[in-house]
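Each remark here refers to the structure printed beneath this line.
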C-alpha cells in the first residue's frame with residue numbers, strides 16, 4: 001500500500017518546465033547572504049536546511065520582494081495586509097497562458113500589431129501578473145481593480161520599474177451603487193491537495209449553489225469599445241466569508257476582504273466572467289481564470305458548454321503541497337489541424353473536436369465522414385453500434401479528396417477495383433464522445449503496407 005501511494009504522488013503534475021524555479025527552487029541561504037533584510041527571517045532546521053516561517057506575513061512579503069529583485073530585476077513592495085503573491089506559482093500561470101498562445105489552437109490576428117496584450121482582472125496592490133508578463137515575455141497589460149489602495153500601490157510598482165512601465169496600464173473599476181458588500185477583484189488560495197474541501201461547519205456547498213455574483217463590473221463596462229486582447233487572467237476571490245479565508249493556519253499571505261471574499265466565492269465570480277465573455281465574445285482570444293476548488297472546476301466547465309464556447313482547456317498548477325487549477329475558454333473558431341512531416345511515420349493519429357453543438361454527437365460526425373469519402377469515390381462501411389467507419393480508397397480517390405475535386409459516384413459500393421487494388425489506402429476512423437460538445441477522433445491504418453503519406457494528408 002505505501003508504495004502505491006508513493007507512486008501516485010510521483011505522478012502528480014509538477015511545476016511548469018519553463019518556470020525559473022522548476023529545476024532551481026529558491027535558495028533561502030543564498031538569498032539571506034545577498035539581501036540583509038531577508039536574513040532575519042531565515043532559520044535552520046536540525047538537519048541544517050534553511051527555512052522561513054510561512055505564517056509570518058513579513059517573511060513571505062520579504063521573500064517575494066527579494067525573488068522579484070534577484071530573479072526578475074523587479075522593484076516591488078506592498079503595504080501590510082495586502083495580498084502577498086508567491087512568485088513561482090504566479091509564474092506557472094503566466095507560462096500556461098504562453099503555452100495557450102503559442103499552441104495556435106486559436107488563430108492569431110494582427111489587431112494589436114503582433115504584440116501580445118493581456119487583461120488582468122483584479123491586479124491588486126501587488127500587480128504581480130503584469131509585472132511578470134511584461135518582464136519575462138514583453139507582454140502589455142491592462143490591469144484593473146476597484147480599491148484606492150490597490151490602484152495606488154499597483155501604479156507605484158509599475159512606475160518603480162521604468163523598463164516595463166509603458167507596457168502596463170492600471171485601470172480603476174467604478175463601484176456600482178448596487179454593490180451590497182465589498183467584493184474583491186483578486187484573491188489567493190492556500191488549499192493543498194489534502195485540504196481541497198473545507199470542513200462542513202464552514203461551508204455548506206448545497207446552500208451556496210444558488211448564490212450569484214453582485215458587485216463591481218469585471219469585464220463588461222471595464223473593457224472599452226473596440227478594445228481587443230489576446231487573453232484575460234484572474235486570481236479570483238476564492239472565499240464566501242473572511243472566516244473561511246483564514247482556515248489554513250500554515251500560511252500567511254495577507255489579503256484584504258476586498259481581495260479574498262465575495263458572495264458565492266470563486267464559483268459565482270468566475271460564473272460572472274463567463275457571462276461577460278458571452279457578451280464580449282471574440283474581444284478576447286482566450287478567457288482564463290485560476291480555480292481553487294476542483295469541484296468548482298467541474299461546474300464551470302459544464303457552464304461553459306452550456307454557453308457554446310468553441311474550446312475549453314484546463315490545467316493543474318502545483319507549488320509544493322498547494323494545488324490549483326487553470327481554466328481557459330474561447331469563442332474563436334479553432335484553427336484547422338495540420339499534420340506536420342514529423343508524424344508521418346505513425347499508423348495512428350487522433351485529435352479532439354471541441355465546441356460542437358450539444359445536439360450533435362459521435363454518430364453525426366461518423367455520418368459526415370462517411371458522406372465525405374463516398375463523395376470522393378471511396379468505399380465505406382459504417383458500424384453505428386461501434387461508432388466506426390472503415391474506408392478503402394484508391395490513389396485517384398485520395399487525390400480527388402485532397403484536391404477538393406469531389407463528385408458523387410453512383411457505382412462506389414460495387415467498385416471491385418477499389419477493394420482489390422494493392423495500392424489502396426485502407427483505414428478506420430473511430431469517434432468517441434468525451435463530454436457533451438467534445439469528441440475524440442482517431443484514425444488508424446488497417447494494413448501496414450498502405451500509403452502512409454496519403455493517410456496523414458487525408459486525416460489532417
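Heads up, the Cβ atoms here are built off N, Cα and C, so glycines get one too.
Residues 180-204 are the range that TrEMBL records as region 'Disordered', among 155-179, 180-204, 205-229. Burial estimate for the binding-site residues (90, 122): highest at 122, by number of other CB atoms within 10 Å. Neighbour count (other Cβ atoms within 10 Å of the Cβ, all protein chains): 30 for residue 235 (S-adenosyl-L-methionine binding site). There are 28 other Cβ atoms within 10 Å of the Cβ belonging to residue 145 (S-adenosyl-L-methionine binding site).
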